[in-house]
Each structure stands twice: as C-alpha cells, then as structure tokens.
C-alpha cells in the first residue's frame, strides 16, 4: 500500500468528530473481540465496517454540525475512498452482515463494557478493578486508590504528526524572540489544547473534566506549557487510539525511513508539580545520581509525549532536535533527571542499553502534589514512585525507627541492630536531615522485610516483589561504588545482571571523587550506612558468605573516611549557619553545640565542610557498629579481624541511646574500646563483649598459626594473654551486677516512694496524678524487666566467651577428643560455664520468649555454648547429671524459638542434632544408634572452626 493513502488516517478515526459514531462503535464490538480492540489497525477496520453497515445514517448525523465539522466529514469521505486501496470493502460484506445479525439478536442483552483504566493498586497487584475512585478493592484493603501512572498506547506514531512536530520545534527555535503574547497564541494554536466549548473532548458522549486540566492554568502557566510542547501532539487530551493532525507541508524533511517509536501517551507535568520537584534539578551535579552516569551533552530533561526525536543524528539539521524530547529546556536544566523510562529496547540508531528500574525509574506524577508526611523522603520519591505508595514509604520509615520497648530504645526490626541516626532528625516535619537516596531506599528495604502493611501482605507474593525492587533500586543508587564494565562492553541486560552479581559475585571499588570536594561528609557516611543495611539483611539470610562482600565494602570505606578518629575540635569563629540562630522553628539539636569547620577529602582539593555534633556522633556510632560486627563475624566465619583497636583508641565511646535520641549531647565520655556494661542498647552491653571477643579471636588465630602456633600455645605469653582476657571478663561481670543494681533497685525504690506519696495525699478520691501513678509504675516495671533481660543476655554471652577462651571451637574436634581435653581441669571449668550459659538462656526465655531482643547476634553464641553439652550427652548418654539434662532441654527450646524469630539453616540443623542427643540422654536409644551418631557427625562437619574452616559461611 502507498504511504500517501495512509497519511490521512488520523483524520478518519478521530473519536471527537462525533459522539454518535463513538456509540455505534461501542455497540458494534462483540464481547469475543473486545481483547483485540486496542490494535490501531483493527480500530481502522472496525470503524470502516461500522460506517458501511450504518448506510444512510451518516446523512442524519451531519445536521446541526458547524462548518469545520463538515470539512472533517469530507476528509472522512476521502479517507474512506482511499481505504479501498488498502483492503476491498466488498470482501468484508459477509462479515458485516453476520455482525449485523449478532447485533439484532443481542439488542435486548445488556452491553458489556470494559473499564477504560484500572487504578494503580489494582494494576500493580493484577486485581480486578471497577474503575471507580476509590475502587472497591482499595476500599476493602485500606489502600490508597490513585490513577497516577502514565498512559500507554500501542502502535506507531503517524509520520505526518512526527514531521509536523519537527517543523514546529524548528519554528519555535526561530520565533523564540517574538513577544510573549503572539508566541503564546501561536503555540496554543499549534498544540491544540484550547478548543471551543462545543468541541470539548468527550468519552462515550460524556464530558470528561480530566482532559481539561490545562484549561485551569493561568495565562503564564498555559504559555509555559504550550511553549514547552510547541508543535507536539497534545495526546493527553485524546484517548489512547486517537491522534490529531498537525498540518502538512513537511513531507520533505529527512526522516530516513524511521516511522517512529511507541507513543506512551505520558501526561504532561503540571507546573505546580515541577516546583515540588526542584530538588531533582541539581542531580546532574551529584555523582551518586544514576542520571549523571549518562552523557548529557545531547539530552534535555523533563517530560513530554514523544519519547525520542526521530531525526538521524548524522543529518546536518539534527543538532537541535536529534536528542531526547522530554520537555521544555526552559523549565528544567539539561539532564536534570530522566524520570520516564524509554521503551524496552532502544532502536538500533540510538546507542543506549535497555534501562533497568534502578537507573531509569518511572515517575508517578500525582504523588508529588500531595502533602508528604516526612519531607526527608523527597530525594527518593522519584525512584520509588512506581514501587510503593508515598504513604507506605512514610509508614516504613516509622517501622524502621519503631522501638519494642517504651522504657528504653530497642529496635523492633530484627535487621536494625542499632540506631545510628536520630529519629527526630529523619522525621522532622520541616527541616529533616539531608540524606542520599540510596540510604533512604535501603531503610525502606529493611523495614519492608517485616512490615505488616496490607500492601506487602496481599497477595502473599507482594512482599517479595516489593523487596526485590527496593533492593535493585538500592544497589543501583550505589553504582558509583561498584565496578562497571569497560566502555563498549555494556550488554543490554547489564544493569539487571548487576543486581544479582552485586549480591553474589560483584566487586567493589571506591570512587575517590566520592570522598573529595564533590561529596559531603554526610553523604559519605550515608554510603557506609547503606552498605551496613545491605550486609545485615544478607547476613541473616542463607547467603552468609555473600554478605562478606558488603561488610568488606563497609569496613574499607569506613577506614578510608577515618571514622575511627575524632575530628578536630570546634573552631569558635566562622559559623555559616549563624543566621539560623533567630529561627524559632529550627532544630535545636542541629545548633547545639556549635558546629565546627574542618577539612574533609584528600589532596589539595580539600573543601571546608560544616560538621555538627550530631554528625560527629553519627560517625562514632557507625564506626562502633562496624567494630562490633567485625568481631562478631570473625567468630561466625572463623576469620581474622579487619578493624583494629589501634585505629580507634582515641575515638569517644558512643552515647547513651536515650540521651542521643533526645538530642542531649554529653560533653564528657571515655575514649577507646569499652570493656564494661554501661547501658541498655547494643552499644551499652554488647559492644564491651565484642571488645573482649576481639582479644579472644586474636589469641585463637595465634594458636592456630600453621608455623608458630605450636610454640605459641606452649609459651608463657599465651598463658598471660589468657589470664588478661579472663580478668576483662570478670570486670565485665562486675559491671553487669552494678548495672542491674542501679536500674532495678533504685527504680523500684523510686516507684514505691511515688506510690506512698500518692496514697498519703489523696486518701479518698482518685486525682489525675493518682491515675498517672499507675502509668509510672507500669513504666518502671517495664524498665526493670528490660534491665533483667539485658543482664540475662550479657551473662549468657559472657559465659560463652569463657568457653571460647579455652580454645575448643570446632565440634568435630570436641567429639574426637584426640588430646584428651575432656579429662582436664580446663574442661571442667568450661563445662561449668556451659551450664551457666544454659541457665542464663532459661532466664532469657522467661523475659523474652521469642528471642526477639537481639536475634541477629544471639544465634552463634547459643550454638557455641551448646557444643560442650552435646559432647557430654554424646559421651555420657544415660549417665549425664540432671543439670546437664535440663541444660540440653533449655538449649533445644531456645533453638526452636530462634528458628521462629529469625529462621536460618544452621539453627534448624543443630536443633535436630540436640533433640537426637537429648533422646539418648533420657535413655531412648534407637535401633540404628550408630547410624544416628554418624549422621550427627556429618551434619556438624558442615560447620568447622579449624584452620581452614569457614564457620557458618557454607
């Protein structure tokens, strides 16, 4: 068929020419063909058939039409004639007659109509939607019902429209110096967005106000919108199958045979929403922004209906139009962000790989116009708009900072091992902390692992899908810290494969410009915290070996940032934020004490950065968290230490969590790694134990040295180190007793005095103060229980460290007992600590039945404290003492609780092993006793702590 005969097709099936023709089209479509109605060629054929079947009805439809409408009808007649070259109408006469018979027989039946569009929630969940706002499904599940996603359409754009668009763009460039009034009118006429009232767009004969959004803008806004879309087809005013003609006369432009790309029908962005996105305009200056990775000398940022300009880049006239046509360059700076993804596969003449959701996120425009509960999320909103609703993002941020106790801060999420940031700084309604999008995405990902939001629980697969997308987004936003391929070697699926390889096989490299003048100290700290979030969740999964890559990246970056050193003292002069002193709404914690001026970065390009006391404390807490996990994972995976005590001997110890969250920064604290229990948080009771564990790990590595280990084990130096570590454990035990006395006896005494005062002052009636006394008493009781729980956990881990100090970490070596250690005094002392650890585990189960207080850390200490009990049960069997039997029962209960809270393979495996041994202790010997012993040995052989063993990292 000829190209000339097809250039007028958009005129012939414009749905706004007549409302009656639309009704006839809807009635002529049978239910069996509804699914085909979205094809553009099928729409042409059905329109032609319906007009032929209508016959003389066309004459009556023309009554009362305006003059321009007659012109459209004449064009339609001409197009009908030109269609004969495309397909002979006589060949479809039997089909027309058959469909006419079907319409007559089904005239009495109700017309089946499909909804034009499902809401965003139903579309994402693949759920049937009734098309209402809000729809029934969103009402039932309490979801936010929105119709904010982009409209997409099938088929190619008309060559005539594309040529008109290119000509209009060129005309706009030449007429840019005209007065605003004349240019605005011409642009409005070209865009076609301002029609007379009698020609307003309708759908099925009804006026739809959604198409009239640009009419509500003021004059300047209309002009800015029209100038940004000059010569372009304003397709948000049309249904997906319609395109309006822009005029001819441009057939001579060099299109080189390209007929166009899929027009996605994206709505234009209202002007007020552009103002709400001002924080994205500087993304090209942020080296962490994914869009900054793209070459931007030929691209324009923004939005429009056309995905690409179709001019050949090699043509001489292609300089001004052979680039992305995503909006007006006057509204957005070049390459501010590429919010709308290109088609799945870019054309061959455009050298771009297929984008991944992480690097080219889709935008939901309506979400930015609503009020954001937590403004801290602004940097990440453009990236998560197509993943989760805005309200859910705020809820997930609440989940991240939720505490399981009202008396003392304790993270409820098992993947938040300690609070690095202040809750008030993140959730501040007006002046939140400035965060990188990667950190925010990782926080949402961590919270989504355990959130009970309906969006994540219905259907059951929703959580996995959302968490996977958030993980890909987080890794994509950290791309500057991950090695990319060499130029020219990028495959179309590299961005997607990078996510999988980043978790399992990917390498990491630190970009030095991230640590120099182009990056703030907060941004660099945010990157380390993002790695911590990723590593923590992966460590708790079955991919423990893969998590070491993320931990190594976090440790290396923390060392390069020198987080283990204190920054220089405050400088009293030069206060850049002094103008905020008179602001009553400013966050006082940001200004107290005065900030310091320090030099960050490397080399001569150092920059002066303002560091507040809060940012100093964030650096300290991040280092101490990495310090503790380094020692914890050294035990888990049988590896040497990475962060040394020498690197942080001058670093102040972290603050008390309650004071930290309240913004009460302490002026005096001790420096260096702690060895005494000081508080209820991980930094207060667990960090001192990890300091001692680091000494034990160094001692164990020296004992197992392949060349010097034997001489060291028999030397006096080894004995001296053992005695010193034992002394440190005794110091910790004493501090634990003082901690319990301070937070239980004093609180109980204070509560009793308060109750007595209330009883003496109000003997006959209950006052508000009397009613509040019950609340105070409950808070005191909760604080006492929380303190006892901390003491129980600390006691258990302390006993396990005594066992580890003896040097017997490997379960197979214990069962073999080649050195007859079971008959030594050291074994008797270690066995006493094993029973003490089991008794402490019983107290833990009393105060924390589901072991949810510290599930990420507790598993390995429960396991190492159980090996000696397993050895005793295996050797003594029915002759074991009652205390050993009770200890084995407690260990089995504790492992079952651990499996429920944070399910991991090694805990499930060891629970079966302990159950089998406990049955033998009770005298229930199976027939295949030897086979069961061999099976237990094979299972335990998976987890080795010998010289070449990898512990839990299978």
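One-based numbering along the chain as shown.
Glycine too: its Cβ is placed from the backbone N, Cα and C atoms.
Remember, predicted model here, so these are calculated numbers, not experimental data.
Between the listed ranges 262-285, 286-309, 310-333, Swiss-Prot ties the annotation region 'Disordered' to 310-333. Feature region 'Disordered', per Swiss-Prot, maps to range 173-226 of the set 173-226, 335-388. Mean pLDDT for the DNA-binding region (119-145) in the predicted structure: 88. Residues of the DNA-binding region (119-145) grouped by DSSP class, helix first, strand second and coil last, total 12 helix, 0 strand, 15 coil.
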